[in-house]
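Student: Okay, handing you the structure first.
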Amino acid sequence: MEQLSSANTRFALDLFLALSENNPAGNIFISPFSISSAMAMVFLGTRGNTAAQLSKTFHFNTVEEVHSRFQSLNADINKRGASYILKLANRLYGEKTYNFLPEFLVSTQKTYGADLASVDFQHASEDARKTINQWVKGQTEGKIPELLASGMVDNMTKLVLVNAIYFKGNWKDKFMKEATTNAPFRLNKKDRKTVKMMYQKKKFAYGYIEDLKCRVLELPYQGEELSMVILLPDDIEDESTGLKKIEEQLTLEKLHEWTKPENLDFIEVNVSLPRFKLEESYTLNSDLARLGVQDLFNSSKADLSGMSGARDIFISKIVHKSFVEVNEEGTEAAAATAGIATFCMLMPEENFTADHPFLFFIRHNSSGSILFLGRFSSP
């Protein structure tokens with residue numbers, strides 16, 4: 001499991017940094033796990049150079065038995081009886097007149113639980129689009145009502161591969177609503193916006209990265225199987241937000257080092273965190289091409305011969321939509337995501353005031369998988 005989690009985290013950071021280059025100061029929110037799962041399904045059907053590019057970009061080449069590892073990781077994350085709701089759903093929509101290889105369909109069903117739904121792209125592409133959107137809307141509890149905008153599929157579309165992820169979890173320690181107040185959030189050195197700032201004082205896993213002047217806080221969800229980890233720069237240092245320095249050093253090894261439990265102290269922390277909601281939408285073709293996936297999107301070069309006998313199929317678009325809402329109760333996220341305080345005068349305590357931009361991710365603790373990753377820059 002560890003190999004796959006490491007591969008997925010490396011890709012998560014690669015993609016985050018690619019998106020950050022295009023959008024150095026704005027909000028970002030993705031479910032890298034959802035994108036990796038969807039692309040692993042595509043990987044099943046790729047051959048030759050197309051497969052090699054995917055394998056390298058998604059770091060699948062570092063994982064033995066990548067598909068069976070995904071199968072067990074999905075089962076572990078989606079397990080019944082968990083104290084959170086997390087739904088990861090995959091589906092293939094294929095042109096009904098097109099012949100997909102039976103072994104490809106058997107593999108995607110067995111490994112990723114993805115059935116092939118036959119639709120009529122050729123004569124009724126708009127109806128097909130609505131059908132796909134309706135399914136995603138249902139899987140994400142209505143949070144992603146329109147994954148595919150008008151015109152995204154047409155009569156030449158052969159295959160749409162959909163992955164949706166939905167998460168809702170309550171904090172292990174909820175923020176009291178009555179403690180929430182209006183407070184300024186500093187976007188940069190000059191501009192501010194008012195946010196609803198939540199507050200609580202409890203024992204949390206907290207750390208400080210000296211050379212980056214950055215605080216780390218782990219907020220567990222009920223059941224402690226998932227946590228939100230926040231990286232907050234001390235202050236707005238650089239022209240943007242103090243995050244630049246952190247982002248420049250973001251690697252799998254560093255992230256692991258900064259956030260692993262043995263490097264954090266379990267102490268009293270005064271936590272101020274804004275209530276926030278992000279909805280983002282990405283067409284990932286150019287970002288993935290920059291990271292090395294090129295042939296897949298090229299009709300004359302794509303080799304998807306593991307999906308169909310004919311060499312006439314390629315992936316025209318990879319669309320990713322995501323949603324997250326963080327409030328006093330906990331977090332609701334989708335993408336298409338007991339310390340008893342005793343009173344003691346000498347107890348050290350720390351302040352964690354997220355009143356300026358920060359990075360955050362939602363992690364499945366036992367596997368170390370990053371399910372969602374984002375930057376909150378502006379309400």
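Numbering starts at 1 and runs along the chain as it is shown here.
Here the Cβ of each residue, glycine as well, is placed from N, Cα and C on the backbone.
Per Swiss-Prot, the features are:
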MOD_RES   Met1  N-acetylmethionine
MOD_RES   Lys137  N6-acetyllysine
MOD_RES   Lys177  N6-acetyllysine
MOD_RES   Ser300  phosphoserine
REGION    351-379  region 'CARD-binding motif (CBM)'
Student: To the nearest Å, how far is the Cα of the residue listed as 'phosphoserine' from the Cα of Lys137 (N6-acetyllysine)?
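Tutor: Lys137 (N6-acetyllysine) has its Cα 34 Å from the Cα of the residue listed as 'phosphoserine'.
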Student: Note down the number of other Cβ atoms within 10 Å of the Cβ of Lys137 (N6-acetyllysine), including every protein chain shown.
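Tutor: Other Cβ atoms found within 10 Å: 17.
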Student: Kindly assign the residue listed as 'phosphoserine' to one of the three DSSP-derived states: helix, strand or coil.
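Tutor: DSSP assigns the residue listed as 'phosphoserine' to coil.
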Student: Mind giving me a neighbour count for the residue listed as 'phosphoserine'? Other Cβ atoms within 10 Å of its Cβ, every protein chain shown.
Tutor: 7
Student: Could you put numbers on the helix, strand and coil content of the region 'CARD-binding motif (CBM)' (351-379), residue by residue per DSSP?
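Tutor: Tallying H, G and I as helix, E and B as strand, the rest coil: 0 helix, 18 strand, 11 coil.
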Student: If you skip the near sequence neighbours and keep only those at least six away, which residues in the chain come within under 8 angstroms of Lys177 (N6-acetyllysine), Cβ to Cβ?
Tutor: Glu328
Student: For the region 'CARD-binding motif (CBM)' (351-379), report the average pLDDT of the model, please.
Tutor: 93
